[in-house]
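Visitor: From TrEMBL, here are the annotated features:
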- 102-136: repeat 'PPR' (REPEAT)
- 172-206: repeat 'PPR' (REPEAT)
- 207-241: repeat 'PPR' (REPEAT)
- 242-275: repeat 'PPR' (REPEAT)
- 311-345: repeat 'PPR' (REPEAT)
- 346-380: repeat 'PPR' (REPEAT)
- 381-415: repeat 'PPR' (REPEAT)
- 416-450: repeat 'PPR' (REPEAT)
- 483-517: repeat 'PPR' (REPEAT)
- 553-587: repeat 'PPR' (REPEAT)
- 588-622: repeat 'PPR' (REPEAT)
- 744-778: repeat 'PPR' (REPEAT)
Amino acid sequence: MISCSDTAEDMREVVDAIQAIRRTGGARLALSPKCYNFALRSLSRFDMTEYMGKVYSQLVQDGLLPDTTTYNTMIMAYCKEGSLAVAQRYFQLLRESGMELDTFTCNALVLGYCRTGDLRKACWLLLMMPLLGCRRNEYSYTIVIQGLCEARCVWESLVLLSMMQQDACSPNLHTYTLLIKGLCKEGRIDDARMLLDNLPRRGVVPSVRTYNTMIDGYCKSGRTKDALGIKSLMEGNGCDPDDWTYNSLIHGLCDGKTDEAEELLNSAIARGFTPTVVTFTNIINGYCKAERIDDALRVKNIMMSSKCKLDLQAYGVLINVLVKKDRIKEAKETLNEIFANGLAPNVVIYTSIIDGYCKLGKVGAALDVFKLMEREGCRPNVWTYSSLIYGLIQDQKLHKAMALITTMQEDGITPGVITYTTLIQGQCNRHDFDNAFRLFEMMEQNGLTPDEQAYNVLTDALCKSRRAEEAYSFLVRKGVVLTEVTYTSLIDGFSKAGNTDFAATLIEKMINEGCKPDSYTYSVLLHALCKQKKLHQALPILDQMTLRGIKCNIVSYTILIDEMIREGKHDHAKRLFSEMTSSGQKPSATTYTVFINSYCKIGQIEEAEHLIGEMERGGVSPDVVTYNIFIDGCGHMGYMDRAFSTLKRMIDASCEPNYWTYCLLLKHFLKTSLGNAHYVDASGLWNWVELDTVWQLLDRMVKYGVNPTVETYGSIIAGFCKATRLEEACVLLDRMCGKGISPNEEIYTMLIKCCCDTKHFKKALSFVSNMIDCGFQPHLESYQYLITGLCDEGDYDKAKSLFCELLGMDYNHNEVVWKILNDGLLKAGHLDICSQLLSAMENRQCHVNSQTYAMVTNSMHEASGSVVSELRGEAA
């Protein structure tokens, strides 16, 4: 019965049979020690140590004496399992029984020590074996050598090899293969090759496994040519490569030599090799790394035609590179193919597509994939949410990004430092530094340690907003070690604030602390000096840069050229331009624009236009500033036809006109219609320009083949809103809607702000409603203006109703408290309604963290105390 047992289930039945025999047969049917040992060895084959313990107990209960074979079987089984404590108990029983230990017993224990990582005891027992009466054999040494090699102790294993030979033990092929593998793992490839080459002289014939070990070592170290040499060597020695050989070589070649990998695959198939999904995936991955997508898709088709189905890893690799190369349609088709093949895309595949869409600015499509992911029951991870948050912020949908933090937490996912840093960046982009600092504190209070990037984001934004001193104080207070990036932001901030002396001090401090400034660091200082008309102080800095081995970059050259032109030193500017180009620096659009601006200012429009053509021929595309400067120059000369032609040229070049483009056109168009005697100031233009002039401008654009777009109307509406001319802005809105052009989110936001500024709250509410109907989410600032304005007007019921409506929408409730209660109502002195709205949030069980709650309640107590003090003062 034992002999016929081929499975673990069969052996369970054997154990049951042994128990039944013992219950019913008694001493008459007692099993022999030999039968028990046979059962124990068979159980050991299936790692059934629990049953082995029962059978051993039955053997002892039957009054039989375990022999060396019994103990060796038990010790080997438990050592193999890693249960050293149990194995040692049987070892102790063996010694107490007075039976002699044999080599097998010690080898089993040595193996157990190696399996559990206790190499010290394994080596000790190996050395003690002769004293215990056990002769060491090649297996004794090989077991320890394997353990040492796996622990990357190859030097010690080579010492054992020498000791083994002195002990009259001949290393076998397995011993040498283990040593070759260990040497390869430690990067000692040449030593491994030397050992391989010496095997025939030692009377050992390498096997396919030995050769494969050497091939794997070469491939992992990038030496695929040598790996192919081993393949030729093994074939020359009559050893045929196996599937592992080919897969290892193909995997190695796919790191930069995918064409060769495919050639090898074809020759292997001709020899009878059957490629697996791993083989094809390696080649697909190789082509994807080289961004040769069409070749990757071709291999995918070959794979499918060979009836070898792609797995999720192969699909994931393909989707990732398709997304990276903006082939989103094919990525989505590949996702559908996964479903068609009965596979369930994992979080990595979904997130790759979401991340790709977000990086390309297609957030709507990313959100669609996110919804599909949720419908299919695939749980998003931190990377998924971080990608979406990044995309929403790039799409200027900060409040939706903030709302995702709540969704993350509801899903049991804790936002990480990267997520918080992305949101801080979003708040900084909108110059909402109060919220940025609140997020920073929230991150720290949640047990996260801000990294260098988090500090740099906040520092850079503060410095760019002329708040360099605040940024510096913040960093000092936090005890942050300043890096090259941090120093550069501070130097830029202090320079732009006019404190160039402190900026220069920071550069010296930076150098003294071993933080080397780069060309960009110096460029910000040069910019500040030039802005202060200190060209004579700026030029010596170029010499400092040269002495410190820092190459002047295009930004620095452009700054200096611009200032030279401003000071009328055109010859100097041209010489510096020549120096720049001869040093290998390619002029940027900004560099060319500096010269174009100088030509336009002195009325040399032809020269300016010629330079635009020259920059285009040089592969440099004019940017919106270049075009605006040229349009302004044409307008100053009265060349309105050329100005409108430039607008057409600009749009044809896929350069989107901005607010200032339309301001300049309207300014010069108005000046022309009024006569050249009238001076028109672009900044005050919107206070008195009439709608008739705007209609004429739009008609003139159409005449030149430029149809007004939503951006055109948005720019003009922005001008009227800045001048609080709500009526004119609304007329423009009606006109664009009449033309079939739908307002965008930005236009609605500007109109709501203008309505609140002019106290037309009913109109503002209608715009909020229209905005929501169009699928846009109003900014929290819009609600702040509306609710605060309604309270100023005494319409508390409407304010409360509006607040409750927004609580049902997709906003982060912490941000609602920050923006509307704390920064809106409390600052405006509406303490009572603020308290009521906070209670409304509590009743709705809105998720607000303890820090935010403490912040607003403390602000309310302070405001309350201030009111009481004022009343006492009045009473006195």
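Even glycines carry a Cβ here, placed using N, Cα and C.
What you are looking at is a predicted structure, and each value in this text was computed from that prediction instead of being measured.
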Visitor: Determine which recorded stretch among 172-206, 207-241, 744-778 has the most C-beta pairs below 8 angstroms with the repeat 'PPR' (381-415).
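Guide: Stretch with maximum Cβ contacts: 744-778.
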Visitor: In the predicted model, what is the mean pLDDT computed over the repeat 'PPR' (553-587)?
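Guide: Mean pLDDT for the repeat 'PPR' (553-587): 86.
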Visitor: Which residues, given as numbers and ranges, are at least 6 beyond the ends of the repeat 'PPR' (102-136) yet have a Cβ under 8 Å from it?
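Guide: Those are 68, 71-72, 75-76, 78-80, 82, 84, 87-88, 91, 94, 143-144, 146-148, 151, 153, 167, 169, in sequence order.
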Visitor: In the same chain, who gets a Cβ under 8 Å from the repeat 'PPR' (242-275) while lying at least 6 residues past its ends?
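Guide: Beyond its ends, the repeat 'PPR' (242-275) has Cβ neighbours at 208, 211-212, 215-216, 218-220, 222, 224, 227-228, 231, 234, 282-283, 285-287, 289-290, 292, 295, 299, 303, 306, 308.
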Visitor: Quick test of the contact rule: Cβ under 8 Å, at least six residues beyond the ends. What residues does that give for the repeat 'PPR' (416-450)?
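Guide: Same-chain contacts beyond the ends: 382, 385-386, 389-390, 393, 398, 401-402, 405, 408, 457-458, 460-462, 465, 467, 814-815, 818-819, 823, 849, 851-852, 855.
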Visitor: Go through the chain and flag residues at least 6 beyond the ends of the repeat 'PPR' (346-380) whose CB is under 8 A from any CB in it; none is fine as an answer.
Guide: 312, 315-316, 319-320, 322-324, 326, 328, 331-332, 335, 338, 387-388, 390-392, 394-395, 397, 411, 413
Visitor: Count up the helix, strand and coil residues in the repeat 'PPR' (744-778) according to DSSP, in that order.
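Guide: Helix/strand/coil tally for the repeat 'PPR' (744-778): 26 helix, 0 strand, 9 coil.
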